[in-house]
Amino acid sequence: WEFNSSFHQPSAFLMLGIPGLETLHPWISIPFCALYLTALLGNCMILFIIKKTQSLHEPMYYFLSMLAVTDLGLVLCTLPTTLGLFWFNLRRIGFDACLTQMYFIHILSFIESSVLLAMAFDRFIAISRPLRHSSILTKATVTKIGLAIVLRGMVSLLPIPFLLKRLTYCGKTELSHSFCFHPDIMNLACADIKVNVFYGMIILLSTAGMDFIFIVLSYILIIKTVISLATKEECLKALNTCVSHICAVLVFFIPMIGLSMIHRFGKNVPPLVNTLVAYTYLIIPPALNPIIYSIKSSHIREALLRALRRKSG
């Protein structure tokens, strides 16, 4: 590799696909293509239906739109490098391009975490204060929440690329994935990375970590409210509105926590496990979220059926 004389930065990194299965990459790309296509079409469909259906212009579906946009962003961040590697064995990614991809992957991940928290807050208000729901979560309030979520992600992660650029890199330049990830890049440095580790941990705990805690607290309050309802039917109806969101939270946070633990403490974890968890974290939620909401939300399902009937007619 060519090195920058002042900062000792490699001109590029080498990305890896599935360890030990490099010869099967063209075949492995088939399920990846299916997942990417499902994510792209599914989230575009969600956005189209919500935009065209006036009855869905309410807080729950505005937040769902934010989730769909975030999922589309995550897909578009990783799709070029992943399929480029699987199809054409394009392993090389420039240093600055890698930092840019990493920055947007982490921003979108933290935005998704915050949107899931906003959706939990929406469900709590809808169940505990149903008559005041629309007056509390107005369009202006939802817009402000959305802007705050984006700003929090952008500002909190802004130092990360600069902290990586100040490091000296030498020797190994192979990444563990077909995309750039902060712990992965900093572990290639042959300099003191304590600042990177500390800042990365603080940001993770203060954003996604706090979001997860508040989501759990929201559901504790929701359950307390539901228990106080008069009839069993009312309880089940109230909880049924939360099923989609609970599934989305589990699909997102379980792989995220697993990947964070592997990168920080899993030195002896097989590379294949690390790779599979990373792909699960970044590709499965964008593909599954539209399916989850299409199956569980009767409003989305009915709007989709109406749109299909109009096209067929």
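A Cβ is built for glycine as well, from the same backbone N, Cα and C atoms used for every other residue.
Taken straight from TrEMBL:
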TRANSMEM  27-50  transmembrane segment
DOMAIN    42-293  domain 'G-protein coupled receptors family 1 profile'
TRANSMEM  62-88  transmembrane segment
TRANSMEM  100-121  transmembrane segment
TRANSMEM  142-164  transmembrane segment
TRANSMEM  197-222  transmembrane segment
TRANSMEM  243-264  transmembrane segment
TRANSMEM  276-295  transmembrane segment
Contact set of the transmembrane segment (243-264) with the rest of its chain, CB cutoff 8 A exclusive, min separation 6+ beyond the ends, reads 67, 109, 112-113, 116, 119-120, 123, 181, 183-184, 187, 197, 201, 204, 208, 212, 215, 219, 273-274, 277-278, 280-281, 284-285, 288-289, 292-293, 296-297
Out of 62-88, 100-121, 197-222, which stretch has the largest tally of CB pairs under 8 angstroms to the transmembrane segment (276-295)?
62-88
Checking distant contacts: for the transmembrane segment (27-50), what same-chain residues at least six beyond its ends satisfy Cβ-Cβ under 8 A?
17-18, 21, 56-57, 61-62, 64-65, 68-69, 71-72, 75, 79, 82-83, 86-87, 279, 283-284, 286-287, 289-291, 293-294, 300, 303-304, 307
